[in-house]
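Q: Input: one structure, supplied below.
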Amino acid sequence: MDHEAPICTHIADSYRLSLPLTIKFQADRQIAEPVSRQTLAFLHCRMAMTDVLSAEDIKKAVGAFSAAESFNYKKFFEMVGLKKKSPEDVKKVFHILDKDRSGFIEEEELKFVLKGFTPDGRDLSDKETKALLAAGDKDGDGKIGADEFATLVAES
Ligand SMILES: [Ca+2]
């Protein structure tokens, strides 16, 4: 990976030969050159949660924890279908939740984790946010990295 590549280039790599997307993008932009890896990385960083998970599962899972202080990440990840997804899909979800593309899900992003799945999702309380951070932050740096997120999902 070259050092100027965006953090999610490794995701785009697996889509480099994704022809329909490439052609559609070129048609939209009326350009002839091949779409760069960076551009594809950008497009895939902008993926919607419903590109990875079913809208119905998301609705059910988010709905199940609509009551204050009821959030249970283990049940949520299972209900939303994330637990049975491939490591690549789990990484895509991680990157969608990493709104500022820092490469980590920070406490502020965790608070809005349900909104990351659907705009209807409620904000987590400070207590729920801290509990989720404590569960996911294995190395104690106060944020959740991609590997920590994968572990959190696997544990659920
Ligand atoms: Ca972040």
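Cβ atoms here come from the backbone N, Cα and C positions, even for glycine.
Pulled from TrEMBL, these are the listed features:
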DOMAIN    85-120  domain 'EF-hand'
BINDING   ASP98, ASP100, PHE104, GLU109, ASP137, ASP139, ASP141, LYS143, GLU148  Ca(2+) 1 binding site
BINDING   SER102  Ca(2+) 2 binding site
DOMAIN    124-156  domain 'EF-hand'
Q: Any idea what the Cα distance is from ASP141 (Ca(2+) 1 binding site) over to SER102 (Ca(2+) 2 binding site), rounded to a whole Å?
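A: Cα of ASP141 (Ca(2+) 1 binding site) to Cα of SER102 (Ca(2+) 2 binding site) measures 14 Å after rounding.
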Q: For the domain 'EF-hand' (124-156), DSSP counts of helix, strand and coil?
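A: Looking at the domain 'EF-hand' (124-156) with DSSP, the answer is 21 helix, 3 strand, 9 coil.
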Q: Which binding-site residues out of ASP137, ASP141, GLU148 lie by ligand 1, going by a Cβ under 6 Å?
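A: Among the binding-site residues listed, not one has its Cβ under 6 Å from ligand 1.
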Q: Just going by other Cβ atoms within 10 Å, which of the binding-site residues ASP98, GLU148 has the emptiest spot?
A: GLU148
Q: Cβ-Cβ under 8 Å from SER102 (Ca(2+) 2 binding site), same chain, 6 or more residues apart: which ones?
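A: The answer is LYS143.
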Q: DSSP secondary structure for the residue listed as 'Ca(2+) 2 binding site', reduced to helix/strand/coil, please.
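A: Looking at the DSSP assignment, the residue listed as 'Ca(2+) 2 binding site' belongs to neither helix nor strand, so coil.
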Q: Sort out for me which one of ASP137, ASP141 has the most neighbouring CB atoms within 10 A, since those are the binding-site residues we care about.
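A: Within the set of binding-site residues, the most crowded position is ASP137.
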Q: Does anything in the same chain, at least 6 positions from PHE104 (Ca(2+) 1 binding site), have a Cβ under 8 Å from its Cβ, and if so what?
A: ASP98, LYS143, ILE144, GLY145
